[in-house]
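A.B. asks: Here you go, one structure.
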Amino acid sequence: MADTNFTKSTDAPNTRALTIIADINIASLNDFFNVETLGAEHAQTVNIITVAGREITAQLLADVQPDVLLIRSVTPVNAALLADNHSVKFVGSATIGTDHVDQAYLAERNIIFANAAGCSKHSVAQYVVTSILTLRPQYWQQPLVLGIIGLGNIGSTLAQYAADLGWQVLGYDPLLPESKFNNASFDEVIAQSHAISLHVPLTHTEGMNSSPYPTHHLIDGAALAAMPADTILINSARGPVIDAAALEANIDKTARQVVLDVFEHEPQITEQLLSKLTIATPHIAGYTLEGKLRGTQMIYDALCEQFNVTPTLSMHQLLPVNMYQWSELKHNADRLVKFYDIMRDDQLLRKKVSDGQVSGADFDQLRRDYHLRREWQA
Ligand SMILES: NC(=O)C1=CN([C@@H]2O[C@H](COP(=O)(O)OP(=O)(O)OC[C@H]3O[C@@H](n4cnc5c(N)ncnc54)[C@H](O)[C@@H]3O)[C@@H](O)[C@H]2O)C=CC1
Ligand SMILES: O=C(O)C(=O)[C@H](O)COP(=O)(O)O
């Protein structure tokens, strides 16, 4: 069994340097990971090497041999990444999704893994409410039937916002018991909703992330054909949950309004697909200050647990005052859609089209330079 003790036997206590390789897009890394916040008995110095998530490679991990790897969603963590590394004891992903991490392999290597479940659930749910009310302001006055596929942290948070707005929720989640919101079949959600929002993990029929209810291409040509043409479709889960080719064909036929924050072939997007979407954003549904800091906090807390130290930093010490209350916004049509100007994010993405596509580099740059918005307080 691999050694999970962070203190190497050759190091005298208190002379230990802790080396962390981290995705540069993790918020407030230096605030959360330093000698004071991790406990001086574990690290007299903390070296953080920040790298773009897509540039965290097997070679880098073999050369640096860090103790800790902190990632977001764009770094696949698997045997290929870690085969020549013998030092990593802890991998933290400051994200909700875990489809990029081979957790069985990490367990085999006795490497502790932590993610940030639920960290941006309000941010993503607020993105969805904002997109619907931006596209169809009439639903301030009229009840909307909102279909929600996946009723975990994000789906159930969205369902609560919908209920607060007087909307009807048709929810489908085969892995949860029936409930007030988990009240419909997949076919009913598809056929009877005015808007459908997807909040499932990316899973497959076999291999890593396999599930009895796989979500890869869950929305395929057949599902799209059964969906009324005026139903809005929103995907802020993972791109491959929708079959992109079938989606393009369906939009050509129905002129459906489609909102995508995630794309099957992310980070590239073709101009052809983009031109058919009503709202398109570069995977930023969860990018609020609160959502990102909560993600960092959660992996910091998990590392502290491994070190057996009490966390000393709370994200609330880093957050500016937040005066935005759902109890006020939900009664004020104008203020809610101005609170988050989703069309600005859409336009910034469209401006990046060049030679028939948005390149991966431009997509990533928009995300790196994103002005983190605020969450409204539920
Ligand atoms: N666009 C963005 O910025 C973000 C995207 N995400 C994505 O959203 C996904 C969902 O996030 P959470 O709600 O926090 O996850 P969660 O794990 O709390 O909930 C997911 C739910 O989906 C259900 N589910 C699984 N397979 C299903 C199927 N075939 N049909 C219907 N329901 C199914 C599960 O039972 C679970 O209740 C994440 O896995 C991630 O990929 C998460 C955060 C930010
Ligand atoms: O939490 C998740 O899951 C997400 O999709 C993130 O919000 C986006 O993560 P990054 O792509 O910034 O790693």
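Each Cβ is built from the backbone N, Cα and C atoms, and glycine gets one as well.
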A.B. asks: If TrEMBL gives ASP173, ASP261 as binding NAD(+), which of GLY166, GLY286 does it give for that site as well?
C.D. replies: GLY286
A.B. asks: According to TrEMBL, THR95, TYR287 bind substrate; identify which of SER73, SER120, SER314 is listed for that same site.
C.D. replies: SER73
A.B. asks: Could you pull out which residues elsewhere in the chain have a CB under 8 Å from any CB of the domain 'Erythronate-4-phosphate dehydrogenase dimerisation' (336-378), counting only those six or more residues past its ends?
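C.D. replies: Contacts of the domain 'Erythronate-4-phosphate dehydrogenase dimerisation' (336-378) (Cβ under 8 Å, skipping residues fewer than 6 from its ends): 24-25, 27, 52, 54, 74, 122-123, 126-127, 129-131, 133-134, 137, 157, 160-161, 266-272, 274, 279-284, 287-292, 322, 324-326, 329-330.
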A.B. asks: SER73, ARG238, GLU266: which of these recorded positions put a Cβ within less than 6 Å of any ligand 1 atom?
C.D. replies: ARG238
A.B. asks: Taking ARG238 (active site) as the reference, which of THR95, HIS283, GLY286, TYR287 (the recorded positions) have a CA within 10 A of its CA?
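C.D. replies: Near ARG238 (active site), where near means Cα within 10 Å, the recorded positions are HIS283.
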A.B. asks: To the nearest whole angstrom, state the Cα distance for the pair GLU266 (active site) and SER73 (substrate binding site).
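C.D. replies: Spelling it out, the Cα of GLU266 (active site) and the Cα of SER73 (substrate binding site) are 12 Å apart.
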A.B. asks: Within its own chain, what residues at least 6 apart in sequence put their Cβ under 8 Å from the Cβ of GLY286 (NAD(+) binding site), listed in sequence order?
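C.D. replies: Once residues fewer than 6 apart are set aside, GLY286 (NAD(+) binding site) is near THR95, ILE96, CYS119, SER120, SER123, VAL124, TYR127, SER236, LYS292.
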A.B. asks: Sequence gap of 6 or more, C-beta under 8 Å: which same-chain residues meet both conditions with respect to SER73 (substrate binding site)?
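C.D. replies: In sequence order, GLY53, SER93, THR95, GLY97, HIS100 meet the Cβ cut-off.
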